[in-house]
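Enquirer: From Swiss-Prot, for reference:
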MOD_RES   Ala2  N-acetylalanine
MOD_RES   Ser3  phosphoserine
MOD_RES   Lys22  N6-acetyllysine
TRANSMEM  68-85  transmembrane segment
Amino acid sequence: MASVGERPAPVPVKDKKLLEVKLGELPSWILMRDFSPSGIFGAFQRGYYRYYNKYINVKKGSISGITMVLACYVLFSYSFSYKHLKHERLRKYH
């Protein structure tokens with residue numbers, strides 16, 4: 001047990017969350033991540049479960065979780081088709 005004047009032991013950079021990492025530690029934190037296919041799949045799976053449990057699987061739910069997914073879909077589809085839409089917008093005659 002730590003006494004009153006002692007600081008708690010520092011958390012290793014690998015175990016820190018992204019928002020807890022300082023800018024000087026960021027390159028070493030990124031290099032410690034798992035970029036294998038299973039590591040990337042696990043990261044997406046954790047993100048999905050976090051989103052699902054926070055917005056979809058709640059006692060008193062609302063439409064906000066589904067609305068965010070639809071808004072992201074609209075933004076991504078617009079960003080992918082923007083190059084095509086930009087050229088059509090600049091044409092004088094269709």
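Cβ atoms are placed via backbone N, Cα and C, with glycine included.
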Enquirer: Going by DSSP, is Lys22 (N6-acetyllysine) part of a helix, a strand, or coil?
Expert: coil
Enquirer: How many neighbouring Cβ atoms, not counting its own, are there within 10 Å of the Cβ of Lys22 (N6-acetyllysine)?
Expert: 9
